[in-house]
Amino acid sequence: MKSVLKSLANSIFLVLFIIFSSSTPLVLAQCEAETKTNGCHNYRESMKLKIIAIVAILLSSMIGVCLPLFSGQVPSLKPGRDLFTIVKAFSSGVILATGYMHVLADSFNDLMSGCLPENPWRKFPFTTFVAMLSAVLTLMVDSFAMSVYKKRCGKALMADANNGGGLENTNVVPIDNFEHGHSHSLEMNDDVSSQLLRHRVIAQVLELGIVVHSVVIGLAMGASGNQCTIRSLIAALCFHQMFEGMGLGGCILQAEYEIKMKAIMVFFFSATTALGIVLGIGLSKVYSETSPTSLMVVGLLNACSAGLLNYMALVDLLAADFLGPKLQTNMKLQAWSYVAVLLGAGFMSLMAKWA
């Protein structure tokens, strides 16, 4: 687990190094001219707005991701309850819309920019191609993680069975059938452990996609000197981060991490956008969002993030719930869950008008 978080942090800093070391002040004159708007470039005003944005986005991110974690104290909102299923469906719709309406759209804007050479960037759909590869790569990570776990777990269970153990340290309800009770208990424990690992893989991979996108958003805002753009983005990004945090928080809750691990994941999600803004402010003299290198790196990162988020939303969240036994046997709950998905996707899609 620690190695995953360490590699995540290393990846983020590597991306930042590539962007800032490659972004030279020599940018196409026409692209620089496009970014300047009369009356909207005031350094002091934009700096005040950025400081407000850091605090507001940090708080809204923390509130959003912590809400599901504290909701576990409410009986009706515990995992497995109907209300939790509906709230999770809403959050899944938010994540789905984030991938399609925000991240994928940003990637299209970056990689189809007039600041990039027409050949090859406007001759080939790099955004959809990279998003497709990212989705397949996410499937591979998802599949291999489960395969490795099942292989190790199977060996451990066989060794445990041969030693006559298996029931001493398990939280499994005993089976009444004495003859087959031991094997049934092992199977039940294996299923519970497998499902728990599944939730943990989902939470980690989902956070990876969200964090990458959050850093990119923060960089763009921090480096921008356009106070008009920043002002309109603050409220939109606060709602954006809150809804997105609710989706991630629900996954973290189901993963049943210890308090320390929950705190680390909450910190990573809450701080990345604010950290991106701070870095953007500090490197605004070097970083230019319209430089060809920045457009390419950020556009490709957004495409990767979009493919990951879309896969997670459709396969690991929506399909897993709607094709599962709980919703398949309860048509009323299934209908309400569909409404929740549409509402979540609708609200997040509306946010795309401003952010």
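We count from 1, first residue shown onward.
A Cβ is built for glycine as well, from the same backbone N, Cα and C atoms used for every other residue.
These come from TrEMBL:
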- 1-29: signal peptide (SIGNAL)
- 49-71: transmembrane segment (TRANSMEM)
- 83-104: transmembrane segment (TRANSMEM)
- 124-149: transmembrane segment (TRANSMEM)
- 265-283: transmembrane segment (TRANSMEM)
- 295-323: transmembrane segment (TRANSMEM)
- 335-354: transmembrane segment (TRANSMEM)
Would you say the transmembrane segment (49-71) and the transmembrane segment (265-283) are touching, if the rule is that at least three C-beta pairs must lie under 8 angstroms and be 6 or more residues apart? yes
Under 8 angstroms, Cβ to Cβ: which one of 49-71, 83-104, 295-323, 335-354 has the largest number of such pairs with the transmembrane segment (124-149)? 295-323
Who are the long-range neighbours of the transmembrane segment (295-323) in its own chain, taking Cβ under 8 Å and residues 6 or more past its ends? 15, 18-19, 22, 85, 88-89, 92, 95-96, 98-100, 103-104, 106-107, 109-111, 113, 115-116, 121, 126-135, 137-139, 142, 198, 202, 205-206, 208-210, 212-213, 216, 219-220, 247, 251, 289, 334, 337, 341
For the transmembrane segment (49-71), the distant same-chain contacts (Cβ-Cβ under 8 Å, at least six residues beyond its ends) come to 77, 84, 87, 91, 221-222, 227, 230-231, 233-234, 237-239, 241-246, 248-250, 252-253, 262, 265-266, 269-271, 273-274, 277-278, 281
